[in-house]
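A short worksheet on the structure shown next.
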Amino acid sequence: MAGASVKVAVRVRPFNARETSQDAKCVVSMQGNTTSIINPKQSKDAPKSFTFDYSYWSHTSVEDPQFASQQQVYRDIGEEMLLHAFEGYNVCIFAYGQTGAGKSYTMMGRQEPGQQGIVPQLCEDLFSRVNVNQSAQLSYSVEVSYMEIYCERVRDLLNPKSRGSLRVREHPILGPYVQDLSKLAVTSYADIADLMDCGNKARTVAATNMNETSSRSHAVFTIVFTQRSHDQLTGLDSEKVSKISLVDLAGSERADSSGARGMRLKEGANINKSLTTLGKVISALADLQSKKRKSDFIPYRDSVLTWLLKENLGGNSRTAMIAALSPADINYEETLSTLRYADRTKQIRCNAVINEDPNARLIRELQEEVARLRELLMAQGLSASALGGLKVEEGSPGGVLPAASSPPAPASPSSPPPHNGELEPSFSPSAEPQIGPEEAMERLQETEKIIAELNETWEEKLRKTEALRMEREALLAEMGVAVREDGGTVGVFSPKKTPHLVNLNEDPLMSECLLYHIKDGVTRVGQVDVDIKLTGQFIREQHCLFRSIPQPDGEVMVTLEPCEGAETYVNGKLVTEPLVLKSGNRIVMGKNHVFRFNHPEQARLERERGVPPPPGPPSEPVDWNFAQKELLEQQGIDIKLEMEKRLQDLENQYRKEKEEADLLLEQQRLVRGKRESNRAWRWAICRF
């Protein structure tokens with residue numbers, strides 16, 4: 001299996017609402033595994049064609065015989081990668097493409113039947129196979145982690161205590177890893193589904209408070225899959241450990257096409273920095289394979305993303321890339337760039353090995369390192385009493401071996417880490433003479449922490465997972481997010497009678513992810529001493545309240561009462577007095593928080609009475625875009641004029657910057673001319 005190429009697939013989606021409204025033309029076509037694209041401005045030119053392992057045509061509907069469904073994508077890519085994981089290889093699937101190209105849909109999908117993406121299908125298939133293959137001589141364990149990389153900072157999505165950015169470090173045995181990232185034990189697909197749901201909730205809450213969308217951050221869902229087998233002849237136990245990395249990359253975009261400015265422009269710069277670095281790494285690895293490259297330097301450490309994906313890109317991993325494409329002529333440049341990106345990626349070859357070693361080997365190597373570090377600290381004058389608090393846990397290993405237990409392949413040379421406090425310099429035994437006492441102590445503590453994790457029993461891991469689950473639920477309950485009526489894991493569900501709010505978000509993956517009950521009596525919304533806790537721009541300490549009052553006919557009437565000075569809009573109109581809500585109303589609080597009000601019992605009673613639906617939303621889906629458009633229209637803002645004004649502003653900014661650049665160029669030309677004149681004058685004097 002060593003030396004296998006990265007498997008590359010491309011998938012084209014249907015037109016979205018924006019493209020349809022602009023009468024976009026399809027410039028992408030597919031024939032077998034070949035994908036072609038036509039330049040809309042040079043239609044007479046020959047199409048540019050690219051050949052990949054798979055070309056998925058999802059531009060039409062399921063009635064089209066060429067249509068590629070979510071299940072087909074999983075069968076071709078997900079099943080193969082899962083098979084490699086059972087063989088003991090590390091595997092990675094990552095999705096790349098411009099914002100809105102369909103990456104998240106391919107990876108995560110939707111909850112509707114037949115709409116699930118690669119990640120949930122793979123997780124469900126994993127446990128189905130585990131349940132079939134379990135025996136007295138073969139046992140399995142599964143642990144998961146879920147993190148987000150936003151503006152070069154790593155955030156743990158499964159640990160409610162993790163507030164700040166986590167540090168990325170490198171260990172000589174384990175390779176690059178995220179320090180203190182929670183790794184939770186799971187025993188069924190339902191456990192994984194709940195953790196993914198909780199991770200997406202954490203991502204949604206943080207994103208709404210910071211006015212970002214998930215397409216502006218990279219998400220990495222990792223499964224550590226361990227297979228333990230007992231050889232009856234020798235009496236020895238052995239393990240095969242696979243790390244399954246499922247990566248949803250942030251969308252690549254140009255500032256001019258997205259209209260980004262201010263904080264969004266800074267976010268975009270960080271996104272494009274990491275994606276540019278990923279492109280450099282892919283290009284360098286491709287050149288290395290084709291012998292075009294003189295140096296074997298690979299810039300892994302130029303960004304957090306590439307440093308963490310180091311093993312998956314040209315290292316110990318079986319890797320697949322899915323490139324998501326827009327079919328529209330207005331996105332021609334971005335689509336062509338994505339195709340070229342994918343074309344380079346297929347040239348990379350990974351040297352995957354089966355991670356099959358006794359667990360004790362890794363424990364021994366780590367304990368030897370602890371001994372070396374202790375000797376180093378003693379040699380540097382640190383007393384034994386200072387080291388007394390640091391004890392190595394002895395005993396046979398009972399934990400799960402992380403990632404790969406075999407010694408890592410020699411690392412490619414890498415650049416010094418960026419000085420943003422996120423990446424820690426790598427360390428190796430050969431570098432020990434240069435290590436100071438503080439760094440050695442830090443390394444010693446970190447290594448002993450890793451040993452303690454490896455020696456954790458499965459029961460201890462399950463207890464830790466349950467404790468974190470309860471903390472997550474307590475945090476969400478404090479914010480007013482609904483928990484299942486049976487007291488189980490937090491999840492999205494639609495109560496049969498209770499009025500409630502569901503969040504709407506610019507990113508479909510985040511929409512309808514959070515549900516807030518409106519209880520009988522008064523439900524307060526704001527930042528301090530409230531039932532529904534919201535934070536962020538323009539949210540007051542006491543923002544508004546909902547009154548839920550039963551009527552004589554049995555119907556429950558819900559009234560929204562805004563607090564003084566708090567910006568609250570219903571169906572785009574500013575609310576200044578108490579307003580009776582109807583099921584389906586769109587509510588905007590502050591600048592970022594958008595909700596849809598649902599009243600199941602009210603809707604049922606109106607259907608029974610034959611009440612015609614009020615004039616409201618047309619066939620257009622009532623999502624975040626609809627609510628924002630409605631808000632602008634009700635405020636008297638013409639969207640077309642606003643876009644023309646923004647375009648005019650960008651053109652004025654471009655002209656201004658061009659004039660400044662031309663002026664600077666002219667000044668440099670004059671200075672250069674003056675220098676040359678002076679040089680000629682001095683040369684003439686020297687001649688005479």
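Glycine is no exception: its Cβ is also placed from the backbone N, Cα and C atoms.
Annotated features in TrEMBL:
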type     : residues                                    : note
DOMAIN   : 5-348                                       : domain 'Kinesin motor'
BINDING  : G97, Q98, T99, G100, A101, G102, K103, S104 : ATP binding site
REGION   : 398-435                                     : region 'Disordered'
COMPBIAS : 405-419                                     : compositional bias 'Pro residues'
COILED   : 640-667                                     : coiled coil
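Features per TrEMBL, on structure.
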residue: A101; record: ATP binding site; contacts (Cβ under 8 Å, 6+ apart): R13, G251, A324, L325, S326, E334, T338
residue: G102; record: ATP binding site; contacts (Cβ under 8 Å, 6+ apart): R11, R13, S58, A324, L325
residue: K103; record: ATP binding site; contacts (Cβ under 8 Å, 6+ apart): A95, Y96, G97, D248, L249, G251, I322, A324
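In this structure, the binding-site residues G97, G100 were compared by how many other Cβ atoms lie within 10 Å of their Cβ, and the smallest count belongs to G100. The number of other Cβ atoms within 10 Å of the Cβ belonging to Q98 (ATP binding site), over all protein chains shown, comes to 23.
Mapped onto three states, the DSSP output places Q98 (ATP binding site) in strand. Taking each Cβ in turn and tallying the other Cβ atoms within 10 Å, the top scorer among the binding-site residues T99, S104 is S104. Model confidence over the coiled coil (640-667) is summarised by a mean pLDDT of 73.
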